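The Mn(2+) binding site annotation in Swiss-Prot covers 126, 149, 151, 153, 230, 232.
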């Protein structure tokens with residue numbers, strides 16, 4: 001026999017249904033999954049180049065390049081041996097209706113969290129993090145935010161809602177505590193008086209990863225953490241396929257070292273956003289996003305014993 005029902009598929013190009021070929025489960029609330037992958041194909045809140053709606057599909061497609069590895073380096077264990085993950089596909093919302101997306105995503109997240117699941121989400125533009133934060137704050141209370149980005153996304157913009165204002169609204173709604181939150185890789189204009197600790201790109205590139213991680217852990221403390229990674233945190237040399245690229249960013253190696261070093265944080269939710277494959281070269285941006293998502297899952301699995 002030669003279908004997925006009868007054998008494992010190790011091809012790098014076929015059967016890219018779920019992220020990393022994790023099983024698809026469109027009713028994940030009733031499953032035995034611990035972590036649920038959700039795609040959010042939304043880019044209506046984008047200020048510059050659109051195309052993030054195609055991000056989840058691109059990330060899933062390129063993730064087949066990562067699915068073959070069992071005892072992944074440098075973790076030296078197989079993720080599947082320690083944590084049960086399913087991909088529930090993409091959220092459904094009314095085309096052209098941003099409120100529908102926000103409401104449906106928040107309701108989906110609330111139902112998953114109430115069922116004892118945790119979420120790794122793929123955007124989509126960065127606005128999608130706001131309804132995710134609302135759901136997670138209802139379940140876990142006020143959280144710390146660990147935020148990788150070229151932009152702080154704390155701009156008021158007349159109090160409008162877009163992919164650059166989520167972290168202006170989130171503290172005002174009581175979802176996150178800026179004094180226990182860190183923004184990493186910033187290299188654009190920002191308000192220095194909003195309470196967040198900003199580790200700008202120059203610091204992150206020049207200081208040791210161990211030094212940075214010690215500071216991050218001190219700031220975050222024991223609070224529940226929401227981890228969000230805007231792919232434009234990476235330098236465009238490593239992630240050209242995004243809507244608002246900014247030169248002078250992190251290397252993929254530096255980003256991986258920082259993410260891998262966050263094992264002691266109490267991470268309760270995670271996302272990777274702003275992949276716009278129309279501007280990508282050789283799928284390197286999608287591959288970076290897929291790899292970061294995989295490393296985030298390994299970060300959780302590493303806390304568990306066999």
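Heads up, the Cβ atoms here are built off N, Cα and C, so glycines get one too.
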Among 153, 232, the binding-site residues in question, whose Cβ has the most other Cβ atoms within 10 Å in this structure?
232
Measure from the Cβ of residue 126 (Mn(2+) binding site) and count the other Cβ atoms within 10 Å, all protein chains considered.
31
Under a criterion of Cβ-Cβ distance under 8 Å and sequence separation of at least 6, what residues of the same chain contact residue 230 (Mn(2+) binding site)?
126, 147, 148, 149, 150, 151, 153, 242, 273, 274
What three-state class does DSSP give residue 151 (Mn(2+) binding site)?
coil
All-chain count of other Cβ atoms within 10 Å of residue 149 (Mn(2+) binding site):
27
